[in-house]
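Participant: Quick one: the structure is below, questions incoming.
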């Protein structure tokens with residue numbers, strides 16, 4: 001390019017007929033015109049690379065509005081040129097970081113080189129994000145077509161953090177022009193691909209709103225539905241009414257007052273109040289009275305599930321989410337208008353317009369539902385006795401949490417009370433039969449014998465036969481006492497009298513011997529029936545022998561000693577051995 005004109009030289013006059021004046025050159029004398037420098041041609045020659053000022057250049061001299069007074073006189077045309085010290089500025093604003101940033105990176109194998117422009121931290125973050133994203137070519141096509149199958153919600157949120165700034169875009173382009181033969185790094189190439197997409201930020205925000213809407217709407221609608229169901233459950237719950245009436249009666253007695261109601265926030269303190277004798281909680285006594293007076297009452301906790309779910313929701317945050325949905329929907333309309341100015345398929349534009357229109361209608365309906373349910377909750381507080389001036393200060397989350405925790409404590413206490421009640425009933429039942437025979441109890445009484453079906457089988461026939469024999473023995477025992485005659489067909493045995501008792505019994509009657517014989521026969525039958533083995537056991541069970549080689553005295557006396565054992569004991573030739 002030709003050298004810049006000297007500052008003292010007079011610039012040539014503009015060519016006649018040229019309506020557009022050339023751009024001005026700084027440091028030219030005022031009123032002498034501006035030298036004509038081609039667009040893009042630097043006005044100064046720099047020996048060092050300096051930092052850039054990323055401003056947006058305006059060209060008011062090129063505006064085709066000569067008839068307007070404002071277009072004929074610009075602020076910039078009235079400014080006086082300033083003489084600057086170019087060498088000092090070049091020294092002060094020398095770009096050292098850019099020279100370090102734009103470097104050629106040699107790969108580990110020494111064959112490939114890459115141009116690295118970005119900061120190492122930024123480059124590493126982008127490279128890490130690329131590991132969970134599709135290829136850059138696929139990403140560009142997916143963003144242009146809003147393809148949900150190629151890019152999911154997490155991918156969109158990741159790309160939103162990687163949008164290149166104008167400065168990064170300028171650095172990458174300059175580095176690519178300066179080193180056309182060296183490829184860019186992966187992070188730089190990805191940012192360059194993203195920068196080639198028109199209205200990138202608008203597309204991503206619109207797409208993110210489209211993918212988030214269903215989840216966000218559900219997060220707002222479901223808690224509102226739970227709150228409505230919880231209000232209905234509390235209004236129609238009988239057990240809660242029993243508990244509150246019992247607690248009110250106890251409180252009026254203890255306080256010596258005649259209160260008609262109390263705030264439900266006191267339920268939080270009921271488990272903490274203890275009696276002074278047994279140290280039982282007030283909730284325990286309330287639960288005991290409710291169980292005794294209202295047997296059809298429930299555990300309360302299982303009937304207010306919606307209140308328990310509402311206790312986990314921050315309704316202030318829910319209202320903020322609803323307002324944020326409205327703001328994002330309005331911003332999405334602006335994003336769609338900005339995208340429509342560039343290339344966009346008519347079918348895609350129509351689809352996104354219908355989606356945003358449907359979202360706007362649903363958000364309006366959701367705001368109406370939210371307002372009505374909150375008003376319904378305030379009416380419920382009035383129904384529960386809260387003063388009108390304080391209902392708007394009641395936190396919904398805290399109110400539901402107090403009721404839910406109280407219901408949980410009540411269920412635990414109720415289970416304990418029912419267990420104690422059952423134990424006392426069992427104890428009373430045991431006391432009724434204490435000291436009595438088992439046949440005197442109701443289970444074994446013979447007042448109303450139940451008819452039994454006759455058992456079947458071979459074993460029963462044998463038992464029946466034995467039973468008949470036993471009955472015959474018992475029947476014949478009583479006549480024997482009177483007649484002292486032996487019973488035919490029954491085996492008897494006499495017992496020899498011992499000592500001096502036999503001397504006087506010989507002269508007396510033989511009836512005692514007959515009685516003893518009958519008793520012995522009965523005992524033999526009883527022992528035989530008690531020791532009788534079931535019919536399945538044919539072979540008698542052999543006694544399990546011990547592993548140890550033990551010798552018993554009984555077996556030794558029965559079998560005798562061997563010659564070796566006798567010799568060891570020194571009994572050879574003694575009379576004990578012969579005996």
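Quick reminder: no glycine exception, Cβ is built from N, Cα and C everywhere.
In TrEMBL, annotation is done automatically, which means it is predicted and not curated.
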Participant: I'm validating the feature mapping. Which of 386-414, 531-559 is tagged region 'Disordered' in TrEMBL?
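Facilitator: Of 386-414, 531-559, TrEMBL gives region 'Disordered' for 531-559.
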Participant: What average pLDDT does the predicted model assign to the domain 'FH2' (40-436)?
Facilitator: 83
Participant: DSSP helix, strand and coil counts for the compositional bias 'Basic residues' (421-435)?
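Facilitator: So the compositional bias 'Basic residues' (421-435) is made up of 12 helix, 0 strand, 3 coil.
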